[in-house]
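These notes concern the structure reproduced below.
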Amino acid sequence: MMTICESNVAKIEAICKEYNCDKGELINVLHQTQNTFGYLPEDVQEIIAENLQTSLAQVYGVVSFYSFFTMIPKGKHPVNICKGTACYVRGAEKIIDEFKTLLDINIGETTADEKFSLSSLRCIGACGLAPVVLIGDKVYGRVTLDSVKEILDEYQ
Amino acid sequence: MWSLYGKMQVSCSSLKLILYYNFMDTISIKIDNKNFQVEKGTTILDAAKSVGINIPTLCYMHLHDLNTTHNPTGCRICVVEVVGRKNLALACATECLPGMEIKNQTIRVLNSRKTILELILSDHPTDCLICAKNGDCDLQSMAQQMGIREIHYKGEQSHYIKDTSPAIKRDMDKCIGCRRCLTMCNDVQTVGALSAINRGFMSVVAPAFQMNLEDSVCTYCGQCVAVCPTAALTEVDHTNLVIRALADPTKTVVVQTAPAVRVALGEEFGYEPGTIVTGKMTAALKDMGFDYVFDTDFAADLTIMEEATELLDRLTRYINGDTTVKLPLLTSCCPACVNFFEHQFPEMKDIPSTARSPQQMFGAIAKTYFADKLGIKRENMVVVSIMPCLAKKYECSRDEFKTNGNPDVDYVLSTRELSRLIKQASIDFDSLIPLEFDHPMGESSGAGVIFGTTGGVIEAAVRTAYETFTKQKLDKVDFKQLRGMDWIRESTIDFNGTPIKIGIAHGLGNARKLLQEIREGKSQYHAIEIMACPGGCIGGGGQPLHHGDSNILLARQKALYAADKAKVIRKSHENPSIQKLYTEFLERPMSEKAHQLLHTHYFDRSTHVEITKD
């Protein structure tokens, strides 16, 4: 049995109401809910399903389809590595591996101290700076294998 | 004379109009160099079908009588060449245009279909010989039809944990992504247990959070199993357990057969839909070594005794001004419906009759009354049910229906499983000499047999409730106003001055509509019957596949009404074996003993989330 507190239920209900509890607005509701809570745990999805009068399986289907949605809380400093074409050909894969090794987590995971989470995305439109890494809103361009440690150290 | 002439003129001109209209509504196309006139606005697939040309499909499903077309354009098997177009077109999703020239048999088309099929097969296990769907699998037939002898593509294969619930088995390694199950679960039945999750190669059909089906809102109606083209979704097979019980000399094995089975089983042996094979089925069961072959119809009569008494009790109290009475009374025979309202309408769990389903009443009586008669312990009796239903497998496993861990009904075989068992036993079904059911639990009325169709349970209840309420004999026992195949029906029956309003729905999507109307106070009924499967049990998830052809369902329905008509006794309360059961054992309907053995209670299974204070 999952539990969720009243005030969080009220927040979700308010978001659903904003979209007239229309199940066609599921993606928008999920976006806003993730902005509020940082992630979309099971209990939150259940409350959304109830409010939009749709099935929990349907909600989970959408959450699991889009890589933007996450069911795991993001770290304090979310690391996003671009895997767009330009970044990819300039070695993004190796940069990802280096982050994985240094943080000891996989893509989609968060470190045990909840400081960093790791994800990849497709093209942020800064191809001239490839390969590109985003930490929070800060952009790091022309990242090399050697600079990965330096970048992470900024947040220690 | 003149007026007749006038009428003739009118009808002649309207005929011309129809012809003209038809002419306007058809277009000329060419398929494989032959000219055809087809209806405007149809897809190449439908147009070809209308002129007798078969284009292969895998994911496409058209259940014309359920008003459901499932057309996700996922499998790509139906590709054809359209002259003048560079790429192949999907027949299921391309509209015919005037003058269109379609090629269905070119080497390019045939090779493309083969390549597509080989790609699908490259991520499919090749254990056909030991697969549950061997011989009854759309993918296997397609591979056979296309003459696949080698799979040229080797790639990654999907591996998922197999999920076994009490009724349905999920083996997603065998899923080809046709998503027919999703249409049945979400659109037709509106249950919402299954969804497509993840994306790309990782995409799979699963319940929320990939939980087990058992933990989801699944009702076990089995309509997903009924449309699955492969063995991705199958029933949990009880045949080996039954064989083992039959071979055990310490066990007395009792079997009950549900009403809808006898009008569908024949189809598995080449008989026309709607052929009544009750006697042959009984003979086959005897041949296989069942000690007593009984009829669920007997228990259906017993259900009516309890349910009608409960209905009259609620009605009388209501008429006398008791405001606490819950109406309408909802029939409670369908275990998938029970699951449905326990999950989705828990606030209405007071409205169903507390009467157990015929299957469970049968088990309870067999392991007490009948076991006593035989002088054996309940542990040494094995009760097997033959059901058109998969939810019955789950129902018999519910804790309420066990005594000291021993279930009232041990195993449930679907109609399909029974046919496989008969074939396994090398019984020549055709040459079987029909036999009668054994006594005492094989005697039944016509009211019992119509339980298998939508509207049947409520008609059976009305026959008994009318006579008990009015203390008058019915002139006519047929209540034609309760029959038919319309999704939601309502009718008012005159109980000698007291109008009784009745609602009927079949298919869970329609049941939802009816229940919602009642919840919102838009409709007021005294009694309602809902059946989870389209058509009622005749269209159950365990029946021979009907592929959405309502002619098959109608034939089965007609056969049940014919079986009812052929009975001398057509009202449950006039069944002598039932009367004897009450005198010898149960005393009267709703007695303490009846409550203990024949009634049940329901649970709120609505949510997994507990809301706590801040």
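Cβ coordinates are placed from backbone N, Cα and C, and glycine is handled just like the others.
Curation does not apply to TrEMBL; its annotations are automatic.
Owing to the predicted nature of the structure, the values given are computational and were not obtained by experimental measurement.
Noted in TrEMBL for the protein shown:
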- A:Cys82, A:Cys87, A:Cys123, A:Cys127: [2Fe-2S] cluster binding site (BINDING)
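Under DSSP, A:Cys127 ([2Fe-2S] cluster binding site) is assigned to a helix (H, G or I) in the three-state scheme. Counting every protein chain shown, the number of other Cβ atoms lying within 10 Å of the Cβ of A:Cys127 ([2Fe-2S] cluster binding site) is 15. Cβ atoms within 8 Å of the centroid of the Cβ atoms of A:Cys82, A:Cys87, A:Cys123, A:Cys127 (the [2Fe-2S] cluster site) belong to the same-chain residues A:Lys83, A:Gly84, A:Thr85, A:Ala86, A:Tyr88, A:Ala92, A:Arg122, A:Ile124, A:Gly125, A:Ala126, A:Ala130, A:Pro131, A:Val132, site residues excluded. In the three-state DSSP reading, A:Cys87 ([2Fe-2S] cluster binding site) counts as helix.
The Cβ neighbour count for A:Cys123 ([2Fe-2S] cluster binding site), using a 10 Å radius and every protein chain shown, is 15.
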